[in-house]
Amino acid sequence: MSQPEPEPEVVPEAEPEAEPEPESSAEPEVWVPGGSYEPEPAAEFSSDEEKYLWISLYAICMILIVTGDLLIIISIMKNKDLKKKVSNLFLLSLIFARTLIGVFVVPTRITALFSEDYLESVACKLCHFSALGSSATSVLSVVAVAMDKYVEFMRVEDNAEKDSDGELEKKRVKKAKLVITGIWLLGHAYAIRNAFTVDMVDINGIMRCTSTPDKAYLSKWFLLVDLLCLLVAPLCIITICYTRVIRVSLGQQNPQSLRTSQMLIVVMMLFVVCNIPPYTIGMLDACQPEPEPEVVPEAEPEAEPEPESSAEPEVWVPGGSYEPEPAAEFSSDEEKYLWISLYAICMILIVTGDLLIIISIMKNKDLKKKVSNLFLLSLIFARTLIGVFVVPTRITALFSEDYLESVACKLCHFSALGSSATSVLSVVAVAMDKYVEFMRVEDNAEKDSDGELEKKRVKKAKLVITGIWLLGHAYAIRNAFTVDMVDINGIMRCTSTPDKAYLSKWFLLVDLLCLLVAPLCIITICYTRVIRVSLGQQNPQSLRTSQMLIVVMMLFVVCNIPPYTIGMLDAWSAGKFNIGINAELGIFLGSYSNSWLNVLVYLKFRLDIRQSIKMMFGY
């Protein structure tokens, strides 16, 4: 009787041991995160209110797109005169493609945040095919509209014969319909790849409509092709066409030309501002280094940090509540020296180019007396300091900074932020000075015969410039309190101190508003008004001024948006955001290049500065 008693005790022990084995073998279809293919997880919201807020915003955006586009489509289709114009045919194509973005792209983006169990394989492929197809068609239509405007204005400039019998217009309409058909076929042919690379995938029990694991490796290359075909190439074509159109419209003193020029400038700015951030994020996401799943071997030295943290409490161990940015990891010494060389070249170009402009203005008495050149000197000198302080600080941040003392560390970061802030404020001052100058022309201000008004303006300008430099460096004084030498695993780094690191998010947000958003709004308002006034002045100087201002605005936007996008993503992302050292260095190098690219702009469009430089060298 005592023998059967121990038997039932052994049976329940064998059952739980067998349970974990069938679980792993029962669901081989689920793509487990951390493997060679790791699809993007479902969106994690901090609360239901946040989730419903984003759904509401996307829904409002979708309604605005569809209703607004349909309103334009109906208004053109109902009017016989509008329907006959070639430009309106291209506009209809563009607006209809944009309507499809509201119908397919926005809803696809919303559903991608949640489980998509309701979709079948065919519906999944169709949604992504339609989304990419309508986006590609929209971009091609934007290019077609730009090229049509170019052709239309070139016919005016070349004094083409008037189409008295309407035959030429009929031929243009036929050609336009063929081009539009080609645009829609090409746009959707471009999107046909989604029929083969996208399908329903089971990710930890949640069905998602995303790239299949066997095709996921292609996503980087597809994104690169999208960047070139749907952003870079179209932007180049649009810029060339619209710049030429604006130039021709300067010679036509009529309200229609004025409105056309204003519209084209706004279209270019919207295209740049709305398209660069998502492509920047996409490229950074795709180009992230892939050794992240290899974090598993870090489990071995788990026992090591304990004695390290107790033996050296001064060392800030990565992974804690405060985790400073690690030192740069290059794949080879050649790569490291390449980046050092590129940054050194950038620094030389900034300093030499800016000094050339400064000397050319200071050597010329006539140039030195102009108020606009005083603000320009302030801007260029601030840009020179960017080459002297900001670029070297960025390079030294990649390596150990043992040679720096606490005071030198604070001074470097203070000077870097101070020169950057002063540079932006000087850009705003130049824009506002141009605005005041052109408004005086428009208001038919009395001529300054004795030069008294100009002297008063010079005095005011000097006071404003002094205020700009004081304000810019007062803005940067925070770095004297938040930055110091920090020992990070035995490497001395000049970075935010751990007790002040939590402030970096808010400082970055303030920088975004004060050094990008607000200045961009002021510059855009001032320069748009200046260009509008310059349209009424038929002289080469006004033409060059308008072209220069457009280029300056474009450079400001293109060079400054990507680094701020990275900074905000790094500061506010839920997890550790790492784009890879090469992508980061490339984006910041592009940002610093704004300083020497502006020198080329001034040399191209400022005839007086070019002549002053020639006189300096004896020509």
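Cβ atoms are placed via backbone N, Cα and C, with glycine included.
Annotation source TrEMBL lists compositional bias 'Acidic residues' at 1-26 (among others).
Among the features that TrEMBL reports, region 'Disordered' is placed at 1-42 (among others).
If you look at the transmembrane segment (52-77), the same-chain residues 6 or more away from its ends with a CB under 8 A from one of its CBs are 45, 83, 88, 91-92, 95-96, 98-99, 101-103, 106-107, 109-110, 113. Per TrEMBL, transmembrane segment is recorded for 52-77 (among others).
Look at TrEMBL and you will find 68-284 (among others) tagged as domain 'G-protein coupled receptors family 1 profile'.
The transmembrane segment annotation in TrEMBL covers 89-108 (among others).
If you look up TrEMBL, you'll see 128-147 (among others) marked as transmembrane segment. With a cut-off of 8 Å between Cβ atoms, the residues of this chain six or more beyond the transmembrane segment (128-147) that come close are 87, 90-91, 93-94, 97-98, 100-101, 103-105, 108, 179-180, 183-184, 186-188, 190-195, 198, 209, 229-231, 234, 237-238, 241-242, 267, 271.
Same-chain residues lying 6 or more positions outside the transmembrane segment (178-196) and placing a CB less than 8 Å from one of its CB atoms are 89-90, 93, 97, 125, 128-141, 144, 215, 222, 229. TrEMBL lists 178-196 (among others) with the feature transmembrane segment.
What TrEMBL records for 221-242 (among others) is transmembrane segment.
Sequence-distant contacts of the transmembrane segment (263-281) (same chain, six or more residues past either end, CB-CB distance under 8 Å): 142, 149, 226-227, 231, 234-235, 238-239, 242, 245-246, 524, 528, 531, 550, 553-554, 557-558, 561-562, 565-566, 569, 587. What TrEMBL records for 263-281 (among others) is transmembrane segment.
The feature region 'Disordered' is assigned by TrEMBL to 290-315 (among others).
For 291-311 (among others), the entry in TrEMBL reads compositional bias 'Acidic residues'.
Taken from TrEMBL, the feature transmembrane segment applies to 337-362 (among others).
If you average pLDDT over the domain 'G-protein coupled receptors family 1 profile' (353-602) in this model, you get 79. The domain 'G-protein coupled receptors family 1 profile' annotation in TrEMBL covers 353-602 (among others).
With a threshold of 8 Å between CB atoms, the same-chain residues lying at least 6 positions outside the transmembrane segment (374-393) that come near it are 343, 346-351, 354-355, 357-358, 361-362, 412-413, 415-416, 418-420, 422-423, 426-427, 429-430, 433, 458, 461-462, 464-465, 468-469, 472, 592, 595-596, 598-599, 602. Feature annotation from TrEMBL assigns transmembrane segment to 374-393 (among others).
Under the heading transmembrane segment, TrEMBL lists 413-432 (among others).
Residues 374-375, 378, 382, 410, 413-426, 429, 500, 507, 514 of the same chain lie 6 or more positions beyond the ends of the transmembrane segment (463-481) yet place their CB under 8 Å from a CB of it. As annotated by TrEMBL, transmembrane segment applies to 463-481 (among others).
By the count of Cβ pairs under 8 Å, the stretch nearest in packing to the transmembrane segment (337-362) among 221-242, 413-432, 548-566, 586-605 is 586-605. When Cβ-Cβ distances below 8 Å are used as the criterion, the transmembrane segment (548-566) is approached by residues 239, 243, 246, 265, 268-269, 272-273, 276-277, 280-281, 284, 427, 434, 511-512, 516, 519-520, 523-524, 527, 530-531, 579, 584, 587-588, 590-591, 593-594, 597-598, 601-602, 604-606 of the same chain, each at least six residues removed from its ends. Tertiary proximity for the transmembrane segment (413-432) is limited to same-chain residues at least six positions away from its ends with a CB under 8 Å from its CB atoms, namely 372, 375-376, 378-379, 382-383, 385-386, 388-390, 393, 464-465, 468-469, 471-473, 475-480, 483, 494, 514-516, 519, 522-523, 526-527, 556, 595.
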